[in-house]
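Features as listed in Swiss-Prot:
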BINDING   10, 11, 12, 124, 165, 211, 266, 311  UDP-N-acetyl-alpha-D-glucosamine binding site
REGION    174-195  region 'Disordered'
């Protein structure tokens with residue numbers, strides 16, 4: 001059987017597609033997967049790195065653009081539609097899965113005209129315009145969060161959760177808090193004394209802003225470094241900055257005398273999650289799926305300009321269950337960020353309990369459910 005997975009742009013769209021591809025290929029060695037994306041998206045480097053074939057098409061957004069921008073976007077989409085039709089004729093897939101992002105629209109429209117079974121996966125609490133449009137004719141609509149069900153036709157909608165890549169699933173057998181939490185709990189002398197006053201244990205912090213980094217988080221961490229340096233907590237920090245901020249952030253850590261690994265991009269997120277006691281990050285749906293599966297306590301700083309503020313709503317779904325911490329970007333400051341990090345570093349039991357509550361909300365079989373549904377029409 002052959003499957004096309006279309007979309008991307010960001011890791012939040014792409015990584016669930018990679019998870020589905022891994023599951024699909026595991027069912028039958030003869031199965032084939034082809035990814036379709038754009039040259040500007042993360043898929044241009046991440047899909048080949050993951051070992052999957054990729055075809056690039058023209059696609060662009062039109063929402064929020066002026067008249068000329070909308071015309072250009074529409075022209076690119078039409079060209080992408082023609083390219084998609086040619087790909088369908090050449091590859092002859094049995095099904096097409098759209099995972100969101102610009103490339104999914106022309107490919108699924110082409111699949112519709114070629115009468116190829118089509119499916120979409122929505123990662124967020126509030127779906128984007130592309131998936132809202134495609135849902136009108138998709139054979140099946142897979143959703144990550146119950147909150148998004150109101151946007152789609154109920155009889156074709158299935159709550160699956162967000163598919164997890166193999167590198168994350170392989171860590172499930174060792175899921176727990178990072179080594180810093182375990183060491184702090186061992187060193188605590190009584191139930192009331194804050195661990196931050198106990199010398200020795202290191203609290204491991206993972207900071208990232210999605211696959212492309214987040215400038216606001218990067219700059220807030222830079223501003224918070226003097227406050228973190230003065231505190232009596234040993235911090236081990238891994239900070240993924242994105243390409244544009246890497247040198248500036250790395251220089252700030254060196255200047256402040258704070259130990260850190262500063263990276264533009266992290267390919268092996270599973271290993272970094274395993275080392276972390278606390279994760280400071282955006283609230284994209286894929287990030288949430290990964291950290292809940294690995295029982296990680298998170299301080300979410302939702303991207304305030306996400307379409308329909310969906311990142312805040314993603315985080316609030318966990319916050320209502322005391323399964324995370326959240327700081328809105330409009331409230332973000334060096335003082336507040338440092339205070340929250342130090343508060344949590346000093347309370348390992350709270351961090352552990354939050355991670356346990358996060359795990360209780362994880363859905364670990366999303367990729368299996370989606371592949372089962374994709375295979376069903378051909379059985």
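Cβ atoms here come from the backbone N, Cα and C positions, even for glycine.
Between the farthest pair of Cα atoms in the UDP-N-acetyl-alpha-D-glucosamine binding residues (10, 11, 12, 124, 165, 211, 266, 311), the distance is 23 Å. In this structure, residue 266 (UDP-N-acetyl-alpha-D-glucosamine binding site) belongs to neither helix nor strand by DSSP; it is coil.
Taking the binding-site residues 11, 12 in turn and counting surrounding C-beta atoms within 10 angstroms, the largest count is reached at 12. Classification of residue 165 (UDP-N-acetyl-alpha-D-glucosamine binding site) by DSSP places it in coil, neither helical nor stranded. With the fewest other C-beta atoms within 10 Å around its C-beta, 10 stands out among the binding-site residues 10, 124, 211. Cβ neighbours of residue 266 (UDP-N-acetyl-alpha-D-glucosamine binding site) (same chain, under 8 Å, six or more residues apart in sequence): 208, 238, 240, 272. Listed in sequence order, 124, 282, 283, 284, 300, 302, 303, 304 are the same-chain residues at least 6 apart in sequence whose CB falls under 8 Å from the CB of residue 311 (UDP-N-acetyl-alpha-D-glucosamine binding site).
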